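**Student:** One structure, pasted below without further comment.
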Amino acid sequence: MYAYVKGKLTHLYPTHVVVETAGVGYEIQTPNSYRFQKHLDHEVLIHTSLIVREDAQLLYGFSSEEEKDMFLSLIKVTGIGPKSALAILATSTPNEVKRAIENENDTYLTKFPGIGKKTARQIVLDLKGKVKITEEDSDSLLQVDATSTEQDQFVQEAMLALEALGYSKRELAKVEKTLNKNKYDSVDEAVKAGLQLVVS
């Protein structure tokens, strides 16, 4: 159900995007909503998965079928919920996660929020041999020149996105200082830089 949603990308938030189609705005939870920033106000196709809970029906969206499949594999693991799976995919490509699983790299997996040693081991036990490494994932970025005011906004929005993924304000304090020393061409780029810092 809801294999994908195709329509105009109207809004970006730290945890989700809104896609309007046939007069209806669909709220879609994504690993890194700012990945779609360059498509704002344009038509997009987002691969989706609907998860029904007792208190809500949530639509999760991804930039590729590979990312969606990795998400669906991760949430089958005991101890991994949608939020943890999104946090993993916000930082890593599907192939990077698959390599960590195949190489039994528990240390890599414990870098993500909410993933302890026990859960990392469970991911490996449940998914090793079941995930296939595909051709390299591609994620293009729109390169634009940004003003200093835009730079501040990029960093602020990146911090909100990182906090939404489950990282604490204490963990992010040093990250924010480092981000402010550099220049970024988009929120997505700042988020990726922040994610690399927080898991390093």
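Including glycine, each Cβ sits where the backbone N, Cα and C put it.
Here the structure is a predicted model, which means the values were calculated and not measured.
OK, Swiss-Prot features for this one:
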- 1-63: region 'Domain I' (REGION)
- 64-142: region 'Domain II' (REGION)
- 143-149: region 'Flexible linker' (REGION)
- 150-200: region 'Domain III' (REGION)
**Student:** For the region 'Domain I' (1-63), provide the mean pLDDT of the predicted model.
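**Tutor:** Mean model confidence (pLDDT) across the region 'Domain I' (1-63) is 92.
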**Student:** For the region 'Domain III' (150-200), what are the DSSP-based totals of helix, strand and coil residues?
**Tutor:** 40 helix, 0 strand, 11 coil
**Student:** Quick check on the region 'Domain I' (1-63): DSSP residue counts for helix, strand, coil, in that order please.
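**Tutor:** Output for the region 'Domain I' (1-63) reads 7 helix, 37 strand, 19 coil.
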**Student:** Can you break down the region 'Domain II' (64-142) into helix, strand and coil residue counts using DSSP?
**Tutor:** 44 helix, 0 strand, 35 coil
